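S.K.: What follows is a structure written as structure tokens; I'll ask about it next.
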Amino acid sequence: MKQALTVPKLKAMKNQGKPIAVVTAYDYPSAVLSEEAEVDMILVGDSLGNVVLGYETTVPVKLEDMIYHTRAVVRGAPGTMVVTDLPFATYRLGPEATLRNAARLMQEGGAHAVKMEGGAELADEIRLLTSAGIPVLGHLGLTPQSIHQIGGYKVQGKSEAEAEKLLSDARALEQAGAFGIVLELMTEELSAEISQAIGIPTIGIGAGRGCDGQVLVFHDLLRYGSGIREKKMVKSYANVGDTIREAIAQYVNEVKTRAFPEEKHSFTSQKAADPAQSEMGKLYGGERK
Ligand SMILES: Nc1nc(=O)c2c([nH]1)NC[C@@H]1CN(c3ccc(C(=O)N[C@@H](CCC(=O)O)C(=O)O)cc3)CN21
Ligand SMILES: CC(C)C(=O)C(=O)O
Ligand SMILES: [Mg+2]
């Protein structure tokens, strides 16, 4: 079995200038295929609320959902580093409650690390978790769990004041012990500045070319879903949604026209093998062997 990447090795990749390739996965097949494709890390994102469970936002996603999906991912990718999102509000009731929730993602889910959205205000939580052996990945820029506060999925860090705040938040996360930071939906000037200013790797999504790695949502990368919206930040490397829809439509058509199943998909008894004796044999006039 392939050896999963470790936190120290991930940090070393930044120093060696080796880009880090991350994809989200939510279940057994997406994890198996991601590991076979040799991704450096799998993120069990709370985006599963959108792409797997059909919610409008990530806000309804529960800790139990994340544990359940992480278990399936870990079974599918036993040789890959798996990081799981702490979902909405599960790391906002103080360091102890955060530790309890993060520990469940690791003990019950099998995650190797956890991710949380936010800046300097999470320093105490990150210090406690890292001291307890729970690696923490930060997440700055667009923080989708705060969508009802922010009001929309908008590019972050465009003003000088916003950029300053994000840079100081990145420094605070590193200081508190985070092993890396996801930078979501910000200008590439800012993501490059942050990536140079800190010693831990940055993983970008919609943050341009300045980051130490990239992450994409599995369903966006593959156009896997019925209504995957075109987003500027996404590159789709396949169109699995169209492929699946066309395949299912063809199956439906073949059932309706009795083109499927054929003889080769069917099983026969010894009695049926003798056309004179079997109902099917009589029906097909001895055609069946
Ligand atoms: N399918 C999916 N992909 C994701 O990347 C993702 C989720 N779901 N759910 C949780 C969050 C929400 N995210 C989002 C949601 C919307 C935009 C978006 O509308 N992006 C626009 C830019 C908007 C602007 O110009 O201000 C784009 O075109 O990329 C980006 C990230 C990222 N995460
Ligand atoms: C977009 C990534 C970074 C994420 O947080 C998720 O998939 O939930
Ligand atoms: Mg997330």
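Placed from the backbone N, Cα and C atoms, the Cβ positions cover glycine too.
Automated prediction, rather than curation, is the source of TrEMBL annotations.
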S.K.: In TrEMBL, the Mg(2+) site includes Asp46, Glu117. Which of Asp27, Asp85, Asp169 does it also list there?
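M.R.: Checking Asp27, Asp85, Asp169 against TrEMBL: the Mg(2+) site match is Asp85.
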S.K.: Within 10 Å of Ser47 (3-methyl-2-oxobutanoate binding site) (Cα-Cα), which of the recorded positions Asp85, Glu117, Glu184?
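M.R.: Close recorded positions: Asp85.
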S.K.: What does the structure give for the C-alpha distance between Glu184 (active site, proton acceptor) and Asp85 (Mg(2+) binding site)? Integer Å is fine.
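M.R.: Between the alpha carbons of Glu184 (active site, proton acceptor) and Asp85 (Mg(2+) binding site) there are 14 Å.
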S.K.: Hey, of the recorded positions listed (Ser47, Asp85, Lys115, Glu117, Glu184), which one tops the CB count within 10 A?
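M.R.: Highest number of other Cβ atoms within 10 Å: Asp85.
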